[in-house]
Amino acid sequence: MEISENSEQHKDDAFREIIASCRSLSKYETNIKSALPQILSAIVAASFHIVIGISLAYSAILIPQLEQPGSDVPITKAQSSWIASIIVIMVPIGSLVAGVMMEFLGRLNTIKLAAVPCVAGWVAIALANNFTWIMVGRVLTGFACALGTSPAIVYITEVARPDMRGSLISSGPTLASLGMVIAYAKGAFMDWRLVSWICIIYTIVPVLLIQLFVPESPVWLVSKGRIEDAARSLRFLYKKYPQPEHTDQTLSEMHLNALLKERETKMAEAQKNVNRHGQQQSKLRGFLKPTGYKPMIILFWFFLIQQFSGIYITLFFAVTFIQDVGTEVNAFTASIFVGLTRFSMSLLNAWLLKRFPRRQLVMVSTTGMAICMFVSGLFTLWIKEGTTTLTWIPVVGLLLYVCASMIGLLTIPWTMTAELFPTDIRGIAHSISYSMANLLMFFAVQSYRTITDLLGGAYAVQWMFAVVSVIGFFFALFFLPETHGKSLAEIEAFFAGKSQPQRVPTEPAAKPSVTEHLIRSPSREAKLREVELMLKNKNGA
């Protein structure tokens with residue numbers, strides 16, 4: 001008995017030492033300095049989003065200049081709608097091509113190739129002498145935007161450590177917002193052709209930075225059997241981390257082994273999913289289940305409300321929209337503040353999504369948007385009737401409206417495209433919902449001029465935005481599922497109409513020793529303090 005107790009004591013002493021090592025490593029894992037290579041790689045990979053933001057906002061500065069008297073490329077209102085919206089219709093096509101390319105060529109090589117149609121598009125716009133060539137340039141830049149977006153997000157997901165993944169993924173939209181600010185600022189002081197030439201620089205520089213400083217995703221390299229390249233990539237990404245004690249392996253080797261094991265598991269799973277004819281089983285039945293069609297229906301209405309609440313219409317027609325309200329404020333200058341507001345709020349958005357429930361954010365967002373658009377529309381009507389001199393209020397209303405939209409309605413629908421679907425159809429469901437959202441965006445942006453004419457002016461359009469925002473509030477209140485703080489399994493169970501099964505022990509289990517408890521623990525991080533408490537209680541007993 002005494003020998004057994006001594007043996008157990010020696011084991012507990014050994015595990016105390018391991019716990020100390022784990023605590024040391026945990027300290028570095030939450031240290032920003034240790035993650036600098038990952039942060040650098042993620043931000044550089046996402047830097048192509050700057051030119052994406054410029055491309056999206058470019059129509060806001062291009063259309064007013066083309067509509068000015070004496071323009072060398074005169075356009076009609078119908079043509080202006082096509083200039084603004086055509087870039088959106090290219091996103092589903094570009095996304096599908098990007099999905100194939102980044103699997104065969106790699107995440108970073110796909111971003112580099114996106115620069116080719118992007119540069120060609122900017123050259124076509126800069127040299128355009130008619131509407132057709134401007135459209136060609138917009139098509140090419142729109143295709144490049146889609147081609148460069150998805151690989152960057154996938155790359156960040158694969159290289160960032162879990163506690164920083166959300167923040168680093170949000171760096172893409174944040175840099176896109178910075179690109180919008182750049183577009184609005186340059187459009188206020190430069191001719192649209194000069195802006196096009198300058199945008200070539202914003203396209204090429206990210207590619208050069210990626211080539212010089214960023215390693216390819218080790219996950220993709222392992223999937224292609226390039227083990228040595230994956231090892232080099234991991235050594236770069238984890239070079240700032242301390243090496244774990246009690247093992248001869250380096251941290252990068254441990255990650256490489258984990259990736260290899262994951263690859264083998266996925267290959268085994270893929271083999272199981274292949275039928276006797278050598279074709280992968282159809283995923284169609286996944287969409288016929290409540291866990292497939294219910295999220296798709298919710299997302300359709302969610303994106304429909306998002307688009308016709310005016311969020312993206314005010315982005316693509318920022319200068320024109322401000323001119324239509326009749327303000328005396330310079331529309332180009334005001335558009336810069338719109339861009340700065342979006343950029344500032346995008347920095348705050350990552351914290352809001354982490355801190356507050358999704359439904360509450362959407363309800364607060366839609367409430368603010370409705371109030372701002374109603375007041376702005378009211379003063380726009382009074383300006384039109386000549387009963388007020390407060391022409392700056394619609395501009396302030398627009399800025400506050402942008403702030404409110406960034407709280408929830410602009411960002412959360414995109415977040416939910418990956419959260420709501422079960423694992424077996426998540427990839428294809430995300431692509432379908434993403435394409436659906438962009439098609440709705442196309443119709444919303446395309447119809448702006450038509451809606452303005454039908455409703456009788458800018459004030460009525462703003463009131464329409466307010467009404468749609470109110471509908472969005474009640475949609476969030478009654479139909480939108482809450483995903484904040486819930487696991488993917490819990491979300492799937494919600495749509496399936498099931499509750500999470502609770503495991504009830506059939507017989508009382510013997511109290512495990514500290515050694516057994518630590519061995520059985522699936523997560524060192526989650527159980528570390530619990531094990532230490534057990535050691536303390538044991539010694540005190």
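Glycine residues also receive a Cβ, built from the backbone N, Cα and C atoms like all the rest.
As written in TrEMBL, here are the features:
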type: DOMAIN; residues: 39-484; note: domain 'Major facilitator superfamily (MFS) profile'
type: TRANSMEM; residues: 39-61; note: transmembrane segment
type: TRANSMEM; residues: 81-101; note: transmembrane segment
type: TRANSMEM; residues: 113-133; note: transmembrane segment
type: TRANSMEM; residues: 139-156; note: transmembrane segment
type: TRANSMEM; residues: 168-188; note: transmembrane segment
type: TRANSMEM; residues: 194-214; note: transmembrane segment
type: TRANSMEM; residues: 297-319; note: transmembrane segment
type: TRANSMEM; residues: 331-352; note: transmembrane segment
type: TRANSMEM; residues: 361-383; note: transmembrane segment
type: TRANSMEM; residues: 395-416; note: transmembrane segment
type: TRANSMEM; residues: 428-448; note: transmembrane segment
type: TRANSMEM; residues: 460-480; note: transmembrane segment
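Residues 48, 51, 55, 62, 72-73, 75, 79, 83, 98, 101, 105, 139-145, 147-148, 151, 192-193, 196-197, 199-200, 203-204, 206-207 of the same chain lie 6+ residues outside the transmembrane segment (113-133) yet bring a C-beta within less than 8 angstroms of a C-beta in it.
Put simply, of 168-188, 428-448, 460-480, the stretch with the most CB pairs closer than 8 A to the transmembrane segment (297-319) is 428-448. Remark: the transmembrane segment (460-480) makes no contact with the transmembrane segment (168-188), by the rule of 3 or more CB pairs under 8 A. Panel annotation: around the transmembrane segment (395-416), residues 173, 295, 299, 302-303, 305-306, 309-311, 314, 321-322, 325, 327, 329, 334, 337-338, 341-342, 345-346, 348-349, 352-353, 358, 361-369, 372-373, 375-376, 379, 437, 465, 469, 472, 483 of the same chain, lying at least six beyond its termini, place a Cβ under 8 Å from a Cβ of the stretch. Between the transmembrane segment (428-448) and the transmembrane segment (81-101) there are at least 3 Cβ pairs closer than 8 Å, counting only pairs 6 or more residues apart in sequence, which means the two stretches are in contact. Proximity of distant same-chain residues to the transmembrane segment (331-352), defined by a Cβ-Cβ separation under 8 Å and at least 6 residues beyond the stretch ends, is recorded for 57, 60-61, 64, 166-167, 170, 173-174, 177-178, 180-185, 187-188, 314-315, 318-320, 322-323, 361, 395, 398-399, 402-403, 406-408, 411. Tertiary neighbourhood of the transmembrane segment (361-383): same-chain residues 309-310, 325-327, 352-353, 390-391, 393-394, 397-398, 400-401, 403-410, 412, 457-463, 465-467, 469-470, 472-473, 476-477, 480, selected by CB-CB distance under 8 Å and a gap of 6+ residues from either end.
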